[in-house]
Structure formats: C-alpha cells, structure tokens
Amino acid sequence: MAESLSDVVIQQQLEISRYLVLIPFTILVYDYALTFRLEVERFWGTRLTWGTILVYVNRYLTLFGTVPVLAEVLLTTTDPGKAAICNASQEYHKYFALGSLVLVAVILIMRTYALYERNKYVLAFMLFVLFFAFVFALSMLLTGNRRDTLDPTLKSILCPSPTPHDSNIRTAAAWGGMLVFDIMIFSFTVYKALGHETRNGGLFSVLLRDGSMYFGIIIVANVANIVTYTSGGPIISGSGTAIVNALSSVMITRLMLNLRDPKILRRAQRNPTRNFTTTESYNYDSAAMSTLRRPYLDTEIVAGSMWMEEDVGHGGHESHVMSGRR
C-alpha cells in the first residue's frame, strides 16, 4: 500500500522538519559562544593527548558537520536536477549521525574507565557492547530489502527526502542499538553513585552528577527520536536525530569542561588525605581523559586555567595519595 499525505500535511511536516534542524544548530552555535572562553582557559595550551583530541573533534566536527544537514532541510525542492545533491546529503546525514554517536561513546568509555579506576574488565565489557551496538546499527542501515511505498507526490519531494516506513523501522532499530549502550553506561554510573558518598563536591561528585544528568537527558531524547522513526511518517521521521547529536555534543563538552574546573583541583589539594576517593578519582581521570598520561605529584594550578605542570624535582613519580603510601 502506497504511503500518501495531503498537501497541507506535507507542508506542515516540512516546516516541522526545518525547525527540528534549525533548533539544534542554534543550540550548538549559542553554546559554543557561551563556552569558548572556558575552552581557551582549560584546554588551549595543554599537552595534546588522545583525550583532548577527542574533545576538539567532538566539539568542532558536530558544529561544522551539521551545516550540510542544515542545507538539506533549507534546500526543500522538487527540482529533479537537485536529486543527486539531496540524496547525497541524506546519506551523509545518516552516517554523520552514527559517526558522531560513536565518537561520543568513545569519550564516555574513557570517562567511565576513569570512574572505575581503570578496571580492565569494565573497559573490555564496554568495548564489547559498543562494538556490538555499532555492528548492529551498521547492519540495519546497510542491509535489508527496502520497499519503496511512497506515492508520486512524496517521491517528488527531494529535500528533505521522505523515506518509506520499512526503512524508518530499520533506522529506528539502529538507534535502539546505540540506546542499549547509553543505558549500559548510565547503569555503570548509577551503580558507582550508589556505592560512594558524593556530597563532598569533588571531582568524583562531578563525574556522577554530570553523568547522571547527561544520560537522563540523552536517553529521553533517543527514545523520542526512535518514536519519530516508527510513528512520524515519511517526512518527519528521524527529524530528532539532529537534536540528539547536538545535545550529545554540547553535554559532552560541558562534562569535559567541568572536569577541568580549577575549584575541583583546589578542593582536592586542600584535602589530600581526608577525601581519598575523590583524589584518587581525580588522578585516574586526569590520566585517562585530560592532558596527562599518568598522575603527577605536586601539580600546580596555573592562573585562569586547569592545565597541569609537572614538578621537575619529583621526576614524575606516582602520587602518594594514589598509591596509598609515602
């Protein structure tokens, strides 16, 4: 049975799809303007590591990578001459969204790895789930018999390209695989939160507080996006993808900026022995995700920033707090 919509409904869904891309792009630009000063203070001038590279890629790839998606929506047309551009843009959007999610997932794995004090079993399990979710999502996008059930009117709309219900269901399943990964990371975070006192305001508290907030919002957004694929119709289906990507990128950036808040380091330095859990978590997180490959002794806060300097006199020996001995 062919899928069809009235002209009025088509225009309404086209308008909604435009807003659902314009809004997240506005969020990205606005948040970038708000946090650029913090990025300069807390990241620029630090030693470049895999952690900082991932932060930069997540921040700027999402910001500039959304532009072609924006163009796809604004170039709404029925001109057959633009079919190639519209189809290419649609394919780009699909794999850009998947790639962005995997990038965010890698950062979250590093963050959770630090939260669990570099537990290799936790790391192996997270990587296994991510690999399974990625392979499942990719198989949903690349395989299957796609039935073209669109009527001629819908087929004439090239940007944004309407998609048949069968394809939407498979894409929803792909997003479901990534949702499983998000739920797993959220469960790890909640489990850690239930087992520790987190009212001290140190880095460990920030890891748990921000992580819980992040996953609560992202899981709700992912579920809503999946619903648009299953129930949104041929035009509006998947319109929430841009919102999910924007929220993921913005919140990951905020998470990483919060980890470099100078107040957290000062608090840890003022209480080096009383708050063993917080200090230990800080050292592991610095090694796993920030500018250092391993914890350093006698770190120094540089005015206006959070980057760390090694005390040459100690030659990079491990922290006494971390090792639990002097």
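Heads up, the Cβ atoms here are built off N, Cα and C, so glycines get one too.
Curation does not apply to TrEMBL; its annotations are automatic.
According to TrEMBL, the feature domain 'DUF6533' maps to 19-64. Residues annotated as transmembrane segment in TrEMBL: 16-36, 48-75, 95-114, 121-142, 172-191, 212-229, 235-257.
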Of 16-36, 48-75, 95-114, 172-191, 212-229, whichever stretch has the most CB pairs under 8 A to the transmembrane segment (121-142): 172-191
Any contact, the transmembrane segment (48-75) to the transmembrane segment (235-257), with at least 3 Cβ pairs under 8 A: yes
Top partner of the transmembrane segment (235-257) among 16-36, 95-114, 172-191, 212-229 - counted as Cβ pairs under 8 Å: 16-36
Tertiary contacts of the transmembrane segment (16-36) (same chain, 6+ residues out, Cβ under 8 Å): 59, 62-63, 66-67, 69-70, 72-74, 76, 160, 235-236, 239-240, 242-243, 245-247, 249-250, 253-254, 257
For the transmembrane segment (95-114), distant same-chain residues with Cβ under 8 A (at least six beyond the ends): 51, 54-55, 57-58, 61-62, 65, 68-69, 122-123, 126-127, 130, 133-134, 137-138, 141, 174, 178, 181, 185, 188-189, 207, 211, 241-242, 244-245, 248-249, 252, 255-256, 281, 284-285, 287-289
Cβ contacts under 8 Å made by the transmembrane segment (172-191) with residues that lie 6+ beyond its boundaries: 98, 101, 105, 108-109, 112, 115-116, 122, 126, 129-130, 132-134, 136-138, 140-141, 207-208, 211-212, 215-216, 218-219, 222-223, 225-226, 229-230
